[in-house]
Amino acid sequence: MTTLFISDLHLTPSRTDITECFVQFMRNEAVNAEALYVLGDLFEFWIGDEDCTPFAERIRNEFKALTTSGVPVYFIQGNRDFLLGQRFCRETGITLLDDVCTIDLYGEKVVILHGDTLCIDDLKYQEFRKTVHQPWLQWIFKRIPWFIKKRIVAKVQSGVRDDKQHKSLEIMDVNQQEVAQVMSQFCVKLMIHGHTHRPNIHHFEHDNLPLTRIVLGDWYSQGSVLKVTADGYSLEQRPFFTE
């Protein structure tokens, strides 16, 4: 059997190529998996579980069909869909996991996370993350009318784009010491995360222990899937479908 990992799809109505690739992946590949893990940023931005647009319903239906078929789906919130909550999970049958957690992957303990918490050198982002994850602020936001939410999110997205243009790639990448600290904290030799859009498999040593960090890829120009079996793992691309 195979366990699949994806992240950073950034699904949005305007990118039908990404959506179609995702749908084909769910129907033709994920349906045959032992489990599917989505490690954040499934959506370009998720405003709230009350989203009932045709696009949101289509994505819900794909997850519902998969879980109904017997494939468990696990989800970790990313920096763009941290408002995805229990209502979405109930409607789709997926399971929401903690921001950082460990799983048993064919006998090996593995730590999985979205990855933004590893980018501790980006102080401005970490402060922003701390603010938007305040329970009281999320409580207020969930009760704001939908049209106002959309305006707030549009302004936030514009600010994020402007901010990224003035940051170095090094600042937006993970901090290696933080990676080692988290892996040591959870006593694991393998970490899987997304967020940085830099798909790769990194082998390194810490305290004389061989460690591995797998970075999932984004779906901007092609799909990206991590396939894990009892015999090993492979980070693979999935081409977009062209008419």
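Using the three backbone atoms N, Cα and C, a Cβ is placed for every residue, glycine included.
The candidate list ASP17, ASP41 contains one residue that Swiss-Prot assigns to the Mn(2+) 2 site with ASN79, HIS114, HIS195, namely ASP41. For the Mn(2+) 1 site, Swiss-Prot lists ASP8, HIS10, ASP41; matching the candidates HIS133, HIS193, HIS197 against that entry yields HIS197. Fewest Cβ neighbours within 10 Å among the binding-site residues ASP8, ASP41: that distinction goes to ASP8. Between the CA atoms of ASN79 (Mn(2+) 2 binding site) and ASP41 (Mn(2+) 1 binding site) there is a gap of 6 Å. A separation of roughly 13 Å, to the nearest angstrom, links the Cα atoms of ASP122 (substrate binding site) and HIS195 (Mn(2+) 2 binding site). Here the candidates are the binding-site residues ASP8, HIS10, ARG80, and by Cα distance the one nearest HIS195 (Mn(2+) 2 binding site) turns out to be ASP8. Neighbour counts were taken as the number of other C-beta atoms within 10 angstroms of each residue's C-beta; across the binding-site residues HIS10, HIS114, the minimum falls on HIS10. Fewest Cβ neighbours within 10 Å among the binding-site residues ARG80, HIS195, HIS197: that distinction goes to HIS197.
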